[in-house]
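Undergrad: Not my notes, these are from Swiss-Prot:
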- Glu272: active site, proton acceptor (ACT_SITE)
- Glu107, Gly236, Ala237, Met238, Glu239, Asn240: substrate binding site (BINDING)
- His271, His275, Glu294: Zn(2+) binding site (BINDING)
- Tyr357: site 'Transition state stabilizer' (SITE)
Amino acid sequence: MDFSIEEYDLTFDFDLSEFTYRGKEKIKLSGEANELVLDSVRLSIDSVKLNGSAVDFDVNDKALRIESRIKSGDVVDIDFHAKVSDTLMGLYLSKTREGTMITTQFESTGARMAFPCIDHPAYKAVFSITLVIDKDYDAISNMPVKKVETSDRKIVEFEKTPRMSTYLLYIGVGKFKYASERYKDREIILASLKDIKSKYPIDIAKRSIEFYEGYFGIPYALPKMHLISVPEFGAGAMENWGAITFREIALMATEDSGSLMKQNAAITIAHEIAHQWFGDLVTMKWWNDLWLNESFATFMSYKTVDSFSKQWDVFSDFIKSETGGALRSDSLKNTHPIEVDVKDPDEISQIFDEISYGKGASILRMIEDYVGAEDFRKGISKYLKEHAYGNAEGSDLWNAIETESGKPVNRIMEAWITKAGYPVLKVNKDGNRIRLTQEQFYLDGTSGNTEWPIPLTIITKKGKVSMLMEDEVYIDEMLKLNANNSGFYRVMYDNDTFNTVISSLDKFSNLDKWGLLNDMYAFLVSGRLSVNEYVERIKNFLNDEDHLVVEEIASQLTSLYLIKPSSQVVYQLAKDYLRNQVQRLGTKKKGEDDKISKLRGIVYQDLVTVDEDFAKELSPQFASLSEDPDLALAKAVAKARTDGLNELIDAANKYTDDEIRVRVIAAMGWCSKDQLSTIFSLIDNGTIKKQDMLYVFSFVVTNPSGRDFFFQNIDKIVSLMEHAFEGTGYTSRILEGSIPYIGLEKYEEIKAKASQIRSPSYNVGIDKGLETLEIIRKLYNKL
């Protein structure tokens, strides 16, 4: 960098009746340049001064250009004004029946929508923030309040921040209610427009901070931490340094909430707090290393929650959600490497995906298993201490872990982050020995020639054996490869070796069994196993009562049903299995294991999806929606399947608690085709929040009766999603998920429509959706 910005001194003066603001900005510069170009989007620039004198400037739709030579010590003053955004990006308006809130979402390129800046993660600066607001409102930013002046209006000045990136700045204005507790000498504050029912989120935050301080050997850097509940929030949660924002559902969890909600809230809170070190204290130099932030926070969030809630068995969810989602996405030819060369801001939102989060986190788990937990921890701590308050690249982290472990981490990680996809290990009996080879796995049934150095783990009669596989390998014996599914690869056994594996099934962990099941399903979808072979193999697992095994089988059979509801083989297998599980699990018992409560909700929901008769049986229980929150979604979908839209609307208006309300909204997607058009009016009148459109449209497309509705209204759906979720990548994801289902019935039509609606911000989703369509069409014809 030839120059840098040392400090932004920003004052925002809000007109809360018109939802506009005026900004005064003082930028202190260091270094030299022939001109100053600041990112600036949808801002009206009133004046620019350099060292107190007016200067010429030029504005276009992307930047403010100040055509004067600059040098160290120069100060630029900018006056500007803008509207508070009505999207969910930048500095925007968030409304709820409890009130109105101004909030911010700046990752990845939203800061430029709020004030002129160099909106680049490597350009760290100190921020001095002052907010001018109405007297009956409160203000929150990254740092504690320095002073408040009140006359006609309230002027709130905050302490200066440490050096940090623009995307981590936070500004919040609202009539907040608070709860707080101290952790050591720091205050942890929960802020919400709604009444606060529990300090459960604060307790999770305190436990998370305690874990990270011990794990990293570095204290939390700021004097306070806000956990801020945002009524309308596209991103889900955001790690603004010292002022973390969440969707309301994450901070509404109480000790009495359903098992799923409590666990999801804990993992979400722990994820964002991990970023306070990994992302905020040390930040990637550019968005090509976004995965480093997100994958690490993802992996650490599960590790953290597991440290204080062993009963949840959260690494079962890690394997199912993070590793499983990444394996599925990364087996498409329209995948991308973990490390992506990002040039255009429109591309950034599309890499917030299963690869950046799930694959990256799974690779970190694989490396931790390879080098050992303690050397991995030491490497992380070394990396954070060396780059605190600065920027770093992936290679900096690998060097630190390699130094601590003495193992070739750099060489291994170079291959895994720069090559798209992953291997399948082929296991074949070769005389008295077993031969292991690798090839790249694709879900379309083809194979690639790319190879990886694989940290291989083998379960043998004598225990676990580890090695680095870089060529074909011969081994003398094995019970199973990929112990605890620690490696990011699949394993294809020939019949002889598969029989060996099955004969030892009772010796394996639930993570091992999940890996076998998940691989079997991938081999079915890709044509490597026939339907009959798949059915015969899955029979080995049907009597297993482990929660993860049951969840995986239920998910697979329900997915096959949704691909071809008319297949009697699939319908009968799915219905019989799910009915047996519902009967086995029975009703909720006092003091039962949270894993059982969560599992019951999953199998009930899957059976409601598959079996209309069960939906009719369960529908009357909709009246007791809040009695067992884990069953709320199943009961709501049952009501939707039995023409209960009006009752769903009443419930959506009745429940202010997002734990129930969001499930009711999502279930509306399973209403009959003639009722689905009501969804648009519910979005218009605010019954369905903008942030919750994603849920309802996702359910519409899994509903066999809703696919034609989605297709007929795809232009409107895309328009609504793009406006609300600008810069988040959610439109790309909804198209990726919907195109395959729609195309099973409207193959040529969806291909033509996809070509008409293409846009740089969601082309990736279209391409993945079309590729997945071709894959499941082949499967459809075999079912």
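Here the Cβ of each residue, glycine as well, is placed from N, Cα and C on the backbone.
Quick one: where do these features end up spatially?
TA: DSSP classifies Glu272 (active site, proton acceptor) as helix under the three-state reduction.
Note: Ala237 (substrate binding site) has non-local neighbours Ile244, Thr245, Phe246, Arg247, Ala250, Thr268, His271, Glu272, i.e. same-chain residues 6+ apart with C-beta under 8 A of its own C-beta. For the recorded site, Ala237 (substrate binding site), the DSSP three-state label reads strand.
Shown in sequence order, Glu239, Asn293, Ala297 are the residues of the chain, 6+ apart in sequence, with a C-beta less than 8 angstroms from the C-beta of His275 (Zn(2+) binding site).
Tyr357 (site 'Transition state stabilizer') is surrounded by 23 other CB atoms, counting those within 10 A of its CB over all protein chains shown. In the three-state DSSP scheme, Tyr357 (site 'Transition state stabilizer') falls into the helix class.
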Undergrad: Select one residue from Glu107, Gly236, Glu239, Asn240, Glu272: among these recorded positions, choose the one with the most other Cβ atoms within 10 Å of its Cβ.
TA: Asn240
Undergrad: Name, in the order they occur in the sequence, the residues of the same chain whose CB lies under 8 A from the CB of Glu294 (Zn(2+) binding site) and which sit 6 or more residues away.
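TA: In sequence order, Phe352, Ser356, Tyr357, Gly360, Ala361 meet the Cβ cut-off.
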Undergrad: Within 10 angstroms of the C-beta of Met238 (substrate binding site), what count of other C-beta atoms is obtained when all protein chains are considered?
TA: 24
Undergrad: Using the Cβ centroid of Glu107, Gly236, Ala237, Met238, Glu239, Asn240 as the reference point for the substrate site, which residues of the same chain not in that list have Cβ within 8 Å?
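TA: Near the substrate site, the remaining chain residues are Gln105, Ala235, Ile244, Thr245, Phe246, Glu272, His275.
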Undergrad: Taking the centroid of the Cβ atoms of His271, His275, Glu294 (Zn(2+) site), which other same-chain residues have Cβ within 8 Å of it?
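TA: Near the Zn(2+) site, the remaining chain residues are Glu239, Glu272, Ala274, Phe278, Gly279, Asn293, Phe296, Ala297, Thr298, Ser301.
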Undergrad: Around His271 (Zn(2+) binding site), how many other CB atoms lie within 10 A of its CB?
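TA: 26, counting other Cβ atoms within 10 Å of His271 (Zn(2+) binding site).
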